Ligand code: HAM
């Protein structure tokens, strides 16, 4: 027996119903804010992620599903959606004609991580990206849209965490000072943070290790390094969030795990998910398009983990009251049955039946078992008269109708 790969999952029945519900909900909410869907390939050149997500990040340095294809190209199963969407935007040359674009996407992503609750090697994201606008009102609006999407899934107990990373220059200065601060207490830091000191000191800031947290208490604060423009941008974003009625908490240690961010970053966390608490996360990435293609176009976006959203959503939203219809027939009336079912399906009516019908009572038992609202009986008499006996299960009432009348009743 060959099993599904570690960290991956088959999805069916309720899992798929939840996925469809999440995607439909996102579509409804995002469309209202002016977004259209984009579909990009799952496989991209490895270089795209190295240059956008960043060589030193965990995602690129440890977690990529990268390999050589048969043409000796280095390719990677996308670990996230932003890089591919940015590539598509640049490749289409949209920045030259109509630079403002709002796109959303959904689909599978791949990260070779240690699987645990809420963390998989194949997972799905639903994300949104906006190109061509730098405006604190947009940043607030994007966060509001993320909140509205999660609220429409019936998710409660969420906290919006917010921070500003400033621009690349101020962050560079901050990183230098942070490194100096870390160097003075390196022997007291966890092994993980020691490693991060060399390659990605910012990430050490959000270490979960209690000892590290103690050490970082008096670490320099990123906010103090922001230039005036970034500070004002951050303050304006917060003001607009307040106007939009979005509650948030500032988390000065929120630095995100991908390198492309500047200024606004945010994460929406749940109190019900344990260690993998972030359901939706994103931020502004005004320099990414310049890094990839020397194009000065600002951008912002977010992505939500669909598995995490599915774990948190209100399942009662899935219960649609579906009236079940069961068709009873016999070998002698099979052709009449087939034609009747055809007509019903043409009118959009879903029916249940047995492919190998047994006795009348066995079929009625099945109808009862699936909680059928109506039973359609297609016996020899009905066939002769070209009618259908319609029985309402709850009351036991039954009467003969022609098919047109049956369709009218069932469609009511
Ligand atoms: P991210 O924080 O790496 O950001 O991922 C976004 C969300 O995807 C996470 O908050 C989480 O819900 C989900 N996620 C990530 N890794 C896993 C995993 N291994 N298993 C299950 N769920 C996972 C990004 O990917 C950015 N591209 C977001 C963005 C869009 N920023 C700007 N635009």
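For all residues, glycine too, the Cβ spot is worked out from N, Cα and C.
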Checking TrEMBL, the member of 73, 111, 119 that binds L-histidine with 80, 81, 82, 125, 129, 256, 260, 261 is 111
The answer for which binding-site residues (80, 82, 125, 261) have a CB under 6 A from ligand 1 is 80, 82, 125
Under a three-state DSSP reduction, the secondary structure at residue 125 (L-histidine binding site) is strand
80, 81, 82, 111, 125, 129, 256, 260, 261 bind L-histidine per the record; greatest CA separation between any two, in Å, is 21
For residue 256 (L-histidine binding site), the number of neighbouring Cβ atoms whose distance to its own Cβ is within 10 Å equals 20
